[in-house]
Ligand SMILES: Nc1nc2c(ncn2[C@@H]2O[C@H](COP(=O)(O)OP(=O)(O)OP(=O)(O)O)[C@@H](O)[C@H]2O)c(=O)[nH]1
Ligand SMILES: [Zn+2]
């Protein structure tokens, strides 16, 4: 039997993966069993096929994960990626972004203990950008009382107009890290990947095309190296639109929304839902004046309530 090697999963489609070896070679691998189902970012032990059995390998074991970022829908669980250092949520002045989708993505980050960065693209569209930047006010100011840093970094971009400037702003934030990029269609995700990884198409290469061929879609999660040393990675993943949080229970939500979490311990009832209870410290901070320190925007509290209801529906 062939020896086992360690590798990194750099693409996945269904149950098939592309594994990159220590010397940068990539090949398709199939999981040996349910337990060896890997996602992009996983470190795995894999084994080449026996001589004469083709080039495809098998994944024998998924090594312990530092974290696992996922969304869960009612019908199926869908993991995005493992072993992330951060998530970059890319939205834009246009198309107008859904705050509910943004909140879902940020909650999923928080639940997996992964720091999140928000980038707002298309600053050249002056008026829509100003409106969107304004909508991000709570995100630009969350945390950050006194000496503490803000909870989320929020970055303006104009990828097609000032790509060089944007690259210089982004690189130090990405350096040496593995960053999952999420964003709704049309925000500029492909533009971002092409800016940072000019050879993206080449890296994806024939092997990923082979993986996708005949499966009626070319979308799959992909890891790209930004640098030649292969230390800085971007992971591009489709599927921001239907971002399920069914892996969470309603009572997880408050701790995953930092502005709500800041007050959730001060309520009269220990099991307060922060929706209607008397003596609720969260409700007391929901805001007429969203700009006072510690305020919770009415919009975010409304989204919290919607998610609370959604996660309270019977599970199946
Ligand atoms: N005005 C303006 N347009 C931009 C900017 N960045 C990207 N676009 C445009 O926005 C459109 C969408 O960009 P893409 O990079 O294809 O977006 P995407 O997020 O990959 O979209 P999907 O392929 O649908 O997932 C394109 O027409 C881009 O040229 C920007 O900074 N300013
Ligand atoms: Zn409360």
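Cβ from N, Cα, C; glycine included.
Fair warning: this is a prediction, and the values are worked out from it, not measured in the lab.
Going by TrEMBL, these are the annotated features:
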| type | residues | note |
| --- | --- | --- |
| BINDING | 121, 122, 123, 124, 183, 184, 185, 186, 187, 188, 189, 190, 191 | GTP binding site |
| BINDING | 267, 272, 274, 280 | Zn(2+) binding site |
| DOMAIN | 72-243 | domain 'CP-type G' |
| DOMAIN | 82-241 | domain 'EngC GTPase' |
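Counting only same-chain residues at least 6 apart in sequence, those with a Cβ under 8 Å from the Cβ of residue 121 (GTP binding site) are 90, 91, 92, 93, 157, 158, 159, 187, 188, 191, 192.
The candidate set comprises the binding-site residues 187, 267. Of these, 187 has the most other Cβ atoms within 10 Å.
Regional average pLDDT for the domain 'EngC GTPase' (82-241) in the model is 89. DSSP classifies residue 121 (GTP binding site) as strand under the three-state reduction.
Around residue 274 (Zn(2+) binding site), the C-beta neighbours below 8 angstroms that are at least 6 residues distant in the chain are 254, 260, 264, 267, 280, 282, 283, 301, 304. Between the CA atoms of residue 272 (Zn(2+) binding site) and residue 189 (GTP binding site) there is a gap of 39 Å. Binding of GTP is attributed in the record to 121, 122, 123, 124, 183, 184, 185, 186, 187, 188, 189, 190, 191, and the widest Cα separation among these residues amounts to 19 Å.
Among the binding-site residues 123, 185, 191, 267, 280, residues whose Cβ is positioned under 6 Å from ligand 1 are identified as 185, 191. Excluding 267, 272, 274, 280 themselves, the residues of that chain whose CB lies within 8 A of the CB mean position for the Zn(2+) site are, in sequence, 263, 264, 268, 269, 273, 275, 277, 279, 281, 282, 283. For ligand 2, the neighbouring binding-site residues among 123, 187, 191, 267, 272, 274 are 267, 272, 274, by Cβ distance under 6 Å. Look at residue 189 (GTP binding site): DSSP puts it in a helix. Each of the binding-site residues 123, 185, 191 was scored by the other Cβ atoms within 10 Å of its Cβ; the lowest score goes to 185. Within the same chain, residues at least six positions away from residue 189 (GTP binding site) with a Cβ under 8 Å of its Cβ are 90, 181, 183, 236. DSSP assigns residue 183 (GTP binding site) to coil in the three-state reduction, outside any helix or strand.
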